[in-house]
Amino acid sequence: MSSLTSVELNFLVFRYLQESGFTHAAFTLGYEAGINKSNIDGNMVPPGALIKFVQKGLQYMEMEANLSNSEVDIDEDFSFFQPLDLISKDVKELQDMLREKKRKERDMEKERDRSKENDKGVEREHEGDRNRAKEKDRHEKQKEREREREKLEREKEREREKIEREKEREREKMEREIFEREKDRLKLEKEREIEREREREKIEREKSHEKQLGDADREMVIDQTDKEIAGDGSTGAEPMDIVMTPTSQTSHIPNSDVRILEGHTSEVCACAWSPSASLLASGSGDATARIWSIPEGSFKAVHTGRNINALILKHAKGKSNEKSKDVTTLDWNGEGTLLATGSCDGQARIWTLNGELISTLSKHKGPIFSLKWNKKGDYLLTGSVDRTAVVWDVKAEEWKQQFEFHSGPTLDVDWRNNVSFATSSTDSMIYLCKIGETRPAKTFTGHQGEVNCVKWDPTGSLLASCSDDSTAKIWNIKQSTFVHDLREHTKEIYTIRWSPTGPGTNNPNKQLTLASASFDSTVKLWDAELGKMLCSFNGHREPVYSLAFSPNGEYIASGSLDKSIHIWSIKEGKIVKTYTGNGGIFEVCWNKEGNKIAACFADNSVCVLDFRM
């Protein structure tokens, strides 16, 4: 018979402490016992292994005590012991207890027999039983009448709630109608203003026709020179290490090209443009998300005195600013018909374009940090502080599978295709998971700090990651080690983005690149194939929290805690537009046309910038 080694026992106790939430005790035992040096595969040890092991031992002692007792008939009922007796006594003491118990049972049986023989009131007892049965029947009928009354009360309450819901729907319908009327009115005003602007521009064009012709000639010469230098799109030239800094010709975005969206009462943590309409979603620490209807075209064509209306998606029934319901992340589905939000209460919510809450998804036991729709739109993926990722079946409004691989909070998730995805965590690990599989399809190890962000390239063959260890890495699904280790940053890298160029994009003939934003105040651009830095954009003075490529891949927008948004020309390697607000910037994003940029600020505002070059 094989025996349990001390190393195996230590590991079982270590796992028990972890599963029971005794984190510090588990850490101490793991350190002193050298758990991390053992060869035991933790994935092969099922949850609750120590408890099952101890229970089996107790059952064995119980069977030994019963079967080894010669005074006990094995055909009789099996006798059970209290767990404390099994732990504190040996087999002989248990057998003595069993014999004593049997003797008492025999004595009690004899006493019952004598009682039956001497009992002369058997008939009276039968009469008492009948009376008790009648009383019980009467009591049951009384309870049935009470249940009927409670059922009627519940039905009345449901009817009252139904009426209240109908009233609430009517109020919401009226608010939506007002919102639509206001939107139509703004659209009409915008069209009129655009027409007037066109007339003015026509006059200006006629006045400066000669000057424009001269400018056009010069632009053609410059463009031709650029093409000759670049080899007209040739890929034969070696990439160069270029460090770019802002120039004195930086163009500050005028106030006429800016709209400040006010309404949130706490810092705005996330924003995202709809992929199908001119709608902007924002999520805030005030326990609300908002859907803003942004006018199309230039802001100059829209009356400056008009506010931009928003639908308010309340995550708390009472007052806002409930910190447990901070909206930390949000994402539109591919069709732009549904918005998903994740919050600090551990719940994901799904909303319609009209601001109607259609699903509340509850499974996590901690705040949700990341949330993504798959391309098909049938699954929603969430990552939480509770160290798990959950795939939700949106149509069924229920969780399909929970993935519990990480030993620390899950910081980011990203779909590779409709059924597989990557997760990253504070435990420095990256896992490739697949729906229906109970173990990771692949494990990527190499980072020495928290992995803040993971992103798949447009083809789903390369995975980029960034970490507090000041590195970004590029991984290939065909191997477990990283393909490129990008080490030019000097501080933590907070986020990364793939360019919308190369295979699998709308710009297939352009080079695929990776951009990274760091606490060292820089944005760096990398050659994805060679793993070499192409250029470093040095213009911010504080950590850079967010960056986004324009849809055509020609520009990068970056947002920093220095309150500034810089828009960089990748071709020229310099800032071409900039805007400074009143708070640190947590996220920036482009609309699908590439003519507007949104940013969310720590001063409770959302900013939308017109961008035209």
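Heads up, the Cβ atoms here are built off N, Cα and C, so glycines get one too.
As annotated by Swiss-Prot, domain 'LisH' applies to 5-37. Residues or ranges marked as region 'Disordered' by Swiss-Prot: 101-174, 193-214. Look at Swiss-Prot and you will find 263-302 tagged as repeat 'WD 1'. Residues or ranges marked as repeat 'WD 2' by Swiss-Prot: 322-362. Taken from Swiss-Prot, the feature repeat 'WD 3' covers 363-402. Swiss-Prot lists 405-443 with the feature repeat 'WD 4'. The repeat 'WD 5' annotation in Swiss-Prot covers 446-485, and the record cites sequence analysis as its basis. Under the heading repeat 'WD 6', Swiss-Prot lists 488-536. Under the heading repeat 'WD 7', Swiss-Prot lists 539-580, citing sequence analysis as support. Swiss-Prot lists 582-613 with the feature repeat 'WD 8'.
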Stretch in 322-362, 405-443, 488-536, 539-580, 582-613 most in contact with the repeat 'WD 1' (263-302), if contact is a CB pair under 8 A: 582-613
Rounded mean pLDDT for the residues that make up the repeat 'WD 5' (446-485): 96
Residue numbers, six or more beyond the limits of the repeat 'WD 2' (322-362), whose CB comes under 8 Å of its CB atoms: 172, 176, 266, 269-277, 279, 281-285, 287-289, 291, 311-313, 315-316, 368-373, 375-377, 380, 382, 384, 386, 390, 392, 394, 397-399
Helix-strand-coil residue split for the repeat 'WD 2' (322-362), DSSP-based: 3 helix, 24 strand, 14 coil
Same-chain residue ranges lying at least 6 outside the domain 'LisH' (5-37) that approach it to Cβ under 8 Å: 45, 47-51, 53
Secondary structure content, the repeat 'WD 4' (405-443) (per DSSP, counts of residues): 0 helix, 19 strand, 20 coil
For the repeat 'WD 5' (446-485), residues assigned helix / strand / coil by DSSP: 0 helix, 21 strand, 19 coil
Number of helical, extended and coil residues in the domain 'LisH' (5-37), per DSSP: 28 helix, 0 strand, 5 coil
